[in-house]
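Contents: one structure, followed by commentary.
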Amino acid sequence: MSRLKEFCTTKTLLGLGLGQFLSLLITSTGFASSELARKGINAPTSQSFLNYVLLAIVYGGIMLYRREKLKAKWYYYLILGLIDVEANFLAVVKAYQYTSLTSVMLLDCWSIPSVMILTWIFLKTKYRFKKITGVVVCVAGLVAVVFSDVHSGDWSGGSKPLVGDGLVIAGATLYAVSNVSEEFLVKNADRVELMALLGFFGAIISAIQIAILERTELKSIHWSAGAAFPFFGFASAMFLFYSFVPVLLKMTGSTMLNLSLLSSDMWAVLIRIFAYHQKVDWIYFIAFGAVVIGLVIYSGYVTLQIRHL
């Protein structure tokens with residue numbers, strides 16, 4: 001009973017609630033990206049560009065109003081912007097052109113061991129054996145997803161599942177670097193400064209990448225309501241996601257953020273079944289079960305970590 005009361009603190013419940021809100025936002029961005037890919041629109045950097053512009057305008061305006069000096073070096077944000085743009089390019093958007101929505105969501109759990117290693121090295125976060133065991137079980141689910149994509153014969157979710165799976169893993173690793181960097185900056189600098197400069201440099205880097213890689217694609221798009229709605233819906237959901245991520249990072253840290261986002265897998269499966277009318281291979285359920293079990297094992301000691309933040 002005492003452990004239950006310890007777990008059910010206001011801070012913990014707020015963290016869990018915010019984590020699930022972010023999870024729903026991630027699922028909606030996945031749905032939007034998948035819809036655009038189905039319509040033959042392949043402009044991943046352009047999708048993310050709108051989000052960065054919104055961040056720069058909204059939070060940059062707040063920074064100008066405050067007229068405060070930067071609390072961190074500007075080139076930290078430049079490097080973070082580059083990492084974040086390429087993470088979005090690979091994992092959030094590009095992979096949907098090659099693999100299924102469910103695979104993208106499940107393979108994102110690779111960011112968890114990546115975050116744990118980075119926070120252990122750079123932020124000196126300590127993890128107990130049971131937490132590591134939980135992460136290992138989650139990664140076992142990741143392996144099951146790749147096995148399903150290769151051997152099940154269910155290719156309806158993407159044209160090149162192995163390529164897509166590889167892109168997701170690469171993007172998830174970059175996201176881990178981005179999350180840990182954001183956790184450090186939000187705890188040692190300022191949330192508004194982080195969002196404003198991430199948006200500013202992210203928009204510049206995205207614009208350069210669009211000019212090089214996506215000019216022809218953008219010109220060939222027939223802009224209709226069916227194309228514009230998921231395009232701008234993606235940007236809106238990403239803006240909200242980016243705005244609230246620093247709040248959760250400051251409350252609970254990078255690892256808890258990535259664990260919270262695992263619940264987006266449930267929504268991904270529901271979208272695949274009911275929106276796309278696709279059959280879900282039975283190995284997916286084993287993979288998701290492994291993710292859930294790993295999450296339960298990890299969460300047994302997550303309260304201790306939250307109390308020491």
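Note that Cβ sites are derived from N, Cα and C of the backbone, with glycine treated the same way.
Owing to the predicted nature of the structure, the values given are computational and were not obtained by experimental measurement.
Per TrEMBL, the features are:
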TRANSMEM  48-65  transmembrane segment
TRANSMEM  74-96  transmembrane segment
TRANSMEM  102-123  transmembrane segment
TRANSMEM  132-150  transmembrane segment
TRANSMEM  162-180  transmembrane segment
TRANSMEM  192-213  transmembrane segment
TRANSMEM  225-249  transmembrane segment
TRANSMEM  256-276  transmembrane segment
TRANSMEM  282-304  transmembrane segment
Distal contacts, the transmembrane segment (48-65) - CB-CB under 8 A, six or more residues away: 81, 85, 88-89, 92-93, 192-193, 195-196, 198-200, 202-203, 206-207, 210, 231-232, 234-235, 238-239, 242-243
Range from 162-180, 225-249, 256-276 with most C-beta pairs under 8 A to the transmembrane segment (192-213): 225-249
